[in-house]
Amino acid sequence: MKPAYTTDPNRPGEKRLPELRWLPNRVRHMLISMLGEFVGTYLFLFFAFAGTQVANTPPSTIDDPASTSTLLYIALAFGFSLAVNVWIFFRISGGLFNPAVSIALALIGAIGWLKAGLLIIAQILGGIAAAAVTSALLPGDLKVRTSLSESTSITRGLFIETLLTAELIFCIFMLAAEKHKATYLAPIGIGLALFIAELAGVFYTGGSLNPARSFGPDVVLRTFDGYHWIYWVGPILGAIIAVVFYRLIKLLEYETANPGADSDGREERYAEPLTDEDIRRDRNAQPLSSFNTALTHNTAGRRTDGTDESEFLPPFQPTNKPNHFRRSSSRFEMMNGPNGTDGVTVLGDTYSLPSMPSQPLPAFQHGGDGHRSFDDRNSGSMRSHSRSRASQYEEASDHSFRSAPHTESGSSVYSSRGSS
């Protein structure tokens, strides 16, 4: 059933469901973002927690050496879960799923502080929900808490969390906050950034990089270590470092240091649009004998190395159907001339164009189109695919021109006017 929308009287042009007329648009947008962050954070951490739970079963003590397969399993679970869910929810709420990321985006002005605060609440609730569902759904004790290894001091753990989070958030800045041709692939890069960060930090600090990731399991288990604060302070400090570096390179205009880095070598190049003064100057300088003169104005300085799209455009040819060609700017207009011929109206003046033939030109006659040799042409025999005599010609109908050759027979459908 298709929903019926109504126009919002407070904001013309915006539509909403009739049941939500009472809800202001700003509040509605905030609720949508909060809902997306809650569900997205829950999905991201649930699959990550589930993978970690599987990797840590059967349980092992903190002193046991971590196996490479276990570390890789946990890193893959977090990285791929983040990539998938960011790709799902970035159109809804931005796909942040991390209070540190929300703070960082607010610091650079990408989102407002009110929205950032609401998203942080939703993200923390999503982390708690993910830990609770993992604990209830999977057998055994919940083993997804983040904790320091015995060889890792609190100070070292704080700096590990800070630096790894800074790397992740700066990746988000450059791939998602900065718009470019590969922005739609940002979830893949963000997921890979978390993957490599988990590989580096999961054995020493548990690889949190996210206050919601550490807070949720501790709430469910009702267990808080004395150093739990590093999983809040570390990511926030990392966000500040990423923001400072991002603002520095923006201040230095990093785009000019490596121009064309986002180019595929086929940029579209267009001439500047014509102004009324340009047209008057051209009209006074020389008569406008054809429409091409107006279209090719200001093209003398363009490159001719194949990167200009207009080089491949066909030359303008007026049609014999008047009033069928319109320019959206209404500066140029095809119209009937005084004698029924085509013309161009420029600023109120009409210029005649060469008249076009009323009938289409005939196609090549058989024997002269390259399909037959000289001997075959003199033999008087016709090819089997021809159904008309050599003295007759076939004209391609408008239908055959637009519908292209028939896919089954390998030939076009023609209307033989000459044979009628």
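Cβ coordinates are placed from backbone N, Cα and C, and glycine is handled just like the others.
Annotation comment: TrEMBL describes 286-301 as compositional bias 'Polar residues'. Annotated compositional bias 'Low complexity' per TrEMBL: 409-420, in sequence order. As annotated by TrEMBL, region 'Disordered' applies to 278-420. The transmembrane segment feature in TrEMBL is assigned to 30-50, 71-90, 96-114, 158-177, 184-209, 229-249.
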Problem set entry | Selected stretch (most C-beta pairs under 8 A with the transmembrane segment (229-249)) from 30-50, 96-114, 158-177, 184-209 | 158-177
For this session: With Cβ distances under 8 Å as the criterion, find the stretch in 71-90, 158-177, 184-209 that has the most pairs with the transmembrane segment (96-114).
Result: 158-177
Exercise. What parts of the chain pack near the transmembrane segment (71-90), using Cβ distances under 8 Å and only residues at least 6 beyond its ends?
Worked result: 36-37, 39-40, 43-45, 47-48, 50-52, 54-55, 97, 176, 186-188, 190-192, 194-196, 198-199, 202-203, 207
